[in-house]
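Please find one structure pasted underneath; my questions will follow.
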């Protein structure tokens with residue numbers, strides 16, 4: 001009887017592990033899979049529609065314009081230009097993406113956010129950034145550092161992180177992510193800008209805030225730095 005119980009536990013653990021594995025971008029089973037929306041001109045490979053390899057061109061694997069500064073004239077005074085498989089179809093199934101982040105001087109902010117499907121490594125090209133991440137429950141440890149050109153920082157999978165330009169000049173950073181579509185969930189936007197709004201009582205209790213302040217925050221325009 002004990003052997004049967006142990007076997008059932010082993011199967012349960014295997015099923016759980018399998019569900020974790022499928023949460024990551026799948027490993028490609030071919031050289032490439034250029035994403036395409038036209039099913040009539042595509043092959044079904046790895047569960048996705050891919051352009052017939054015979055029709056692929058170098059344009060599917062290149063992107064121009066990452067040298068162009070983003071428009072930072074917004075509330076956050078920052079702009080993120082992320083290159084995913086939507087903009088560069090050749091990234092499809094490769095499990096990688098890239099972003100350029102521009103910050104205005106004296107306070108340009110990429111606000112606290114997390115990527116539900118990828119880790120991130122960030123390289124500072126220009127300026128001075130204060131950057132960091134916070135660990136999950138129960139510790140909530142803050143790891144942060146002031147970064148200058150040439151400095152790198154890694155943000156582990158799924159953890160809340162941020163970057164703030166504390167310098168008097170514009171800042172530029174390049175981020176590489178371990179997913180072709182890492183996604184982004186900006187914390188303040190998700191909490192106070194949810195559609196439909198979250199019941200204020202939830203936020204009053206969770207954040208130890210006055211109800212009127214919560215209601216005021218929920219009426220604000222929560223912008224993304226993209």
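Placed from the backbone N, Cα and C atoms, the Cβ positions cover glycine too.
Here's the feature list from TrEMBL:
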- 1-23: signal peptide (SIGNAL)
- 33-50: disulfide bond (DISULFID)
- 64-215: domain 'Cupin type-1' (DOMAIN)
- 110, 115, 120: oxalate binding site (BINDING)
- 113, 115, 120, 161: Mn(2+) binding site (BINDING)
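Are these features on the surface or tucked inside, and what touches them?
In the predicted model, the domain 'Cupin type-1' (64-215) shows an average pLDDT of 95.
The Cβ of residue 115 (oxalate binding site) lies under 8 Å from the Cβ of 155, 157, 158, 177, 179, 182, 183, 184, 185, each on the same chain and at least six residues away in sequence.
Of all Cβ atoms in the protein chains displayed, 23 besides its own lie within 10 Å of the Cβ of residue 120 (oxalate binding site).
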List the Cα distance (Å, whole number) between residue 110 (oxalate binding site) and residue 33 (disulfide bond).
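Counting only the Cα atoms, the answer is 32 Å.
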Say you check the Cα of residue 50 (disulfide bond) against those of the binding-site residues 113, 120, 161; which is nearest?
120
Starting from the Cβ centroid of 113, 115, 120, 161, the recorded Mn(2+) site, name every other residue in that chain with its Cβ within 8 Å, sequence order please.
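So the extra residues in range turn out to be 114, 133, 155, 159, 160, 182, 184.
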